[in-house]
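Student: Reproduced below are the annotations present in TrEMBL:
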- 68-94: transmembrane segment (TRANSMEM)
- 68-478: domain 'Major facilitator superfamily (MFS) profile' (DOMAIN)
- 106-125: transmembrane segment (TRANSMEM)
- 137-159: transmembrane segment (TRANSMEM)
- 165-185: transmembrane segment (TRANSMEM)
- 197-216: transmembrane segment (TRANSMEM)
- 228-248: transmembrane segment (TRANSMEM)
- 296-321: transmembrane segment (TRANSMEM)
- 327-349: transmembrane segment (TRANSMEM)
- 361-381: transmembrane segment (TRANSMEM)
- 393-411: transmembrane segment (TRANSMEM)
- 423-442: transmembrane segment (TRANSMEM)
- 454-477: transmembrane segment (TRANSMEM)
């Protein structure tokens, strides 16, 4: 987690200038937290030295990383564990026990989770804006653990549908909230790598969970093996909820693990983002502005096209691998390399986006290109080339790094606390739409070729590439338009006005 930032300037603005501009906010009478960010209160009440050196900032970032990233990573990892568990349970008796082999019952069991996700995303993000985030996430994780541990009680496909919908409703708030948390703690240049770190938990879990479930699958008790898998996952989730409750500091304004000076620096150093830190007052005008944005529309399309690909690794990978002639146990083990590929790529590509500059959308295009190759290999290679087909499955692991970059770019490109909450929710609604549609295109009666599924993924990847290019062009033209006004990039209005990116002429977009 070592941060590589060495510059003491922010787009030409020295750290001393940041401190001097912070001084202008201090000792204000009656801070208005309806229109202003809550960070203004911390700035106004700080009496110490307003300057800091690079070494002090690097030590603080390291301290923040050590406290925050493990919680984000493990929480998202447990969420990913629950998602991929359906695919593993499918080859250990779930389909037979709950009569899921008829028609599209199994794909629908996967898809209905994301209907719950869509229903739960917006209420969850409203709760996270209104109430302490660590308390909201504790409640969400605890209840979803209860839901998982109750899965073995399902006795037919209808009861599984109900459980999956409720589980999706509960899990919906975690990922959008994590986007806001990262945006509150880190600079724009730091965010993609941190997003990649916690999102790398998904492929990491794809490496670990097959091995754990391989062992659980050998249990010869009174229950089917898939039921023991869910009991283990549910118990793990419930225990982790209490870790979140007592150790998560979701934003620097109220961070318990920092002293007064560290909180001041943590807030002051991210002022350059022009996005704010915390404001608990919902502003409908900011949501309307987001919905009218062409950038958001393009990002939403990319989100849908990217996450439709997720149907293969989370739901169908064990089934596809078993279709290549492997046993259920071997299918679990052969799923591990896909997780290893994703685990390496997911933090690597966000790191590259930071190092190479202005290449975020380019890297997304590269990832989608690799996915197209993977789809072609799995779909078109003959059954006499199982190694090539397996390699194609592993290439689909390029979707998580593209998704982590997309999340980071959109949080960095959105200012106004309500608008940032809305964009994270909107992206995850796109995530749900893609994940809902993806499994349904893999029709049971088309196994093992799944013509409709692979055609859908290929066309969707092409649309995603076009949308990523269009997003970059829109950001480039908007930045040039703002530069032409003669108003340079700055952050005088970062906290005191809760301005959106559209209304702040000093804001510049990354792409």
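From the backbone N, Cα and C atoms, a Cβ is placed for every residue, glycine too.
Unlike curated records, TrEMBL annotations are generated automatically.
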Student: Can at least 3 Cβ pairs under 8 A be found between the transmembrane segment (296-321) and the transmembrane segment (165-185), with each pair 6 or more apart in sequence?
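Tutor: Not in contact, no.
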Student: Report, as numbers and ranges, every residue of the chain located at least six residues beyond the transmembrane segment (68-94) whose Cβ falls under 8 Å of a Cβ in that stretch; write 'none' if there are none.
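Tutor: For the transmembrane segment (68-94), the sequence-distant neighbours (Cβ-Cβ under 8 Å, at least 6 residues beyond its ends) are 1, 100, 106, 109-110, 113, 137, 141, 144, 148, 164, 167, 171, 174-175, 178, 181-182, 185, 194, 197-202, 204-206, 209-210, 213, 217, 224-226, 229-230, 233, 236-237, 240, 243-244, 247-249, 313-319, 322, 328, 331-332.
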Student: Could you name the stretch, out of 197-216, 361-381, 454-477, with the greatest number of CB pairs under 8 A to the transmembrane segment (393-411)?
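Tutor: Looking only at 197-216, 361-381, 454-477, the most contacts with the transmembrane segment (393-411) come from 361-381.
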Student: Where among 165-185, 423-442, 454-477 do we find the most Cβ pairs under 8 Å to the transmembrane segment (137-159)?
Tutor: 165-185
Student: When each of 165-185, 228-248, 361-381, 423-442 is checked against the transmembrane segment (197-216) for Cβ pairs under 8 Å, which one has the most?
Tutor: 228-248
Student: Is it the case that the transmembrane segment (454-477) and the transmembrane segment (361-381) have 3 or more CB pairs under 8 Å, with pairs at least 6 apart in sequence?
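Tutor: Checked: the transmembrane segment (454-477) vs the transmembrane segment (361-381), in contact.
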Student: Let me check one thing: do the transmembrane segment (423-442) and the transmembrane segment (165-185) come into contact, meaning three or more Cβ pairs under 8 Å with sequence separation of at least 6?
Tutor: yes
Student: Just to confirm my parser: what is the rounded mean pLDDT across the domain 'Major facilitator superfamily (MFS) profile' (68-478)?
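Tutor: Across the residues of the domain 'Major facilitator superfamily (MFS) profile' (68-478) the model's pLDDT averages 90 on the 0 to 100 scale.
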